[in-house]
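First up is the structure itself, then whatever we jot down about it.
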Amino acid sequence: MFVKPKRDKGQAAVSRGLFAAARKPRVFLVCPGLHLPGDHNSQGAPRASGLQRCHRLQDSLFSSDSGFSNYRGILNWCVVMLILSNARLFLENLIKYGILVDPIQVVSLFLKDPYSWPALCLVIVANIFAVAAFQVEKRLAVGALTEQAGLLLHGVNLATILCFPAAVAFLLESITPVGSVLALMVYTILFLKLFSYRDVNLWCRERRAGAKAKAALAGKAANGGAAQRTVSYPDNLTYRDLYYFLFAPTLCYELNFPRSPRIRKRFLLRRLLEMLFLTQLQVGLIQQWMVPAIQNSMKPFKDMDYSRIVERLLKLAVPNHLIWLIFFYWLFHSCLNAVAELMQFGDREFYRDWWNSESITYFWQNWNIPVHKWCIRHFYKPMLRRGSSKWAARTAVFLASAFFHEYLVSIPLRMFRLWAFTGMMAQIPLAWIVGRFFRGNYGNAAVWLSLIIGQPVAVLMYVHDYYVLNREAPAAGT
């Protein structure tokens, strides 16, 4: 006889609880796509009853440790905000001042008298100095002049190139400030080109005198093949070679420039259209945006209202910087590429990535490559070879640059305030400060800030002094 064992009430309750728990359905939090290694069956499929995790060790995207770097959407947002902000400023300008663009007024900036073209006459006269330098080099090549006499003649010629147009622009009343600037720019470029022309031909004579046999062998090798089309000294001393160099988009002379195989007509047409469009755009922005801002800045300067001066400075900074950027593209990309394409000039490196500059020095080394190459080749390295320190050579380069900046501004305005000179020399301590205390993006921001704020300060200084000299002084005299 089978006797069923007795269970006490406590055991029965526990059994009922376990049975109920076994029958009760279990609920899991499921995160699709996240499975533990043990949550798969033998075929590799995830088990329905496995615990699936949805969290892992990771940083927020804005944290530096995340490694995330794709901020293209934020960049697009910045561009959209920039466009909207400037559109509001442009609309506000139109509502306040109306349409101020007047293409006819631009002509008066170049000419006072339609029958008198003093700036153009100055440019034509510049040919005399180029021919004079060529004739000196011809006589030096055949030994008709000594090196000391040639150096003296070149020095007089180069000094006259700078002094003659300056005297004409300063004393001749019929020439306008804008016409003076253009004429002086032509003479400054001519000065730099003829300086390089003299140096390179001197180096060729020194090489020929130092090693005649070696130079003769090199000359035969260079001229051995007609396909190479190379020129050796003194065969380069021709008017064709001289004027090719004078019109080429470079300041550094060479006997054999790199040449492109053909003229690309579509490329040239695009550059010409860019030149035409951007010229009109710059003139329109200056008349519509900058001129009213400058005119409204005179009263705060006169009253020495510093808060209003700062407000006007910041208001002028945006259009001034925008026009400067357009001018950079117009000159260094459109104009120089158009000239290079016409002349089949092969070296098109007119600028480098100055917009990524993390130091002031890097900016000045990369934004204007023709001038930078000239300074390194004919100024900086010769000073180092003569025993100067790098710091002294760099300071001398900035000093020369400051002189030419002041030369191109003060003489056309017929006043000497040295704001441009001071601004260029201030780049030396500024370069040290930025290089010492700023790195990476902070250095790049410091460079941009110096460009955006520094230029309007100089513009306001010159405009204020010019206004006082030419507006208030005559009024006080009457």
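Cβ from N, Cα, C; glycine included.
In TrEMBL this protein carries:
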ACT_SITE  His405  active site
TRANSMEM  74-95  transmembrane segment
TRANSMEM  115-137  transmembrane segment
TRANSMEM  149-172  transmembrane segment
TRANSMEM  178-197  transmembrane segment
TRANSMEM  272-291  transmembrane segment
TRANSMEM  322-343  transmembrane segment
TRANSMEM  391-410  transmembrane segment
TRANSMEM  416-434  transmembrane segment
TRANSMEM  446-464  transmembrane segment
Item checked: Highest-contact recorded stretch vs the transmembrane segment (272-291), from 115-137, 178-197, 322-343, 446-464, CB pairs under 8 Å -> 322-343
Next item on the list: Using a 10 Å cut-off, grab the number of neighbouring Cβ atoms around the Cβ of His405 (active site), all chains included.
Entry: 18
Notebook entry, point to check: Which of the three DSSP-derived classes (helix, strand, coil) applies to the residue listed as 'active site'?
Noted result: helix
Next item on the list: Report, as numbers and ranges, every residue of the chain located at least six residues beyond the transmembrane segment (74-95) whose Cβ falls under 8 Å of a Cβ in that stretch; write 'none' if there are none.
Entry: 288-289, 292, 318, 322
Notebook entry, point to check: Residues of the same chain, at least six outside the transmembrane segment (178-197), with any C-beta under 8 angstroms of its C-beta?
Noted result: 109-111, 118-119, 122-123, 126, 129-130, 133, 137, 154, 157-158, 161-162, 164-166, 169, 242, 245-246, 251-253, 371, 374, 377-378, 404, 407-409, 411-412
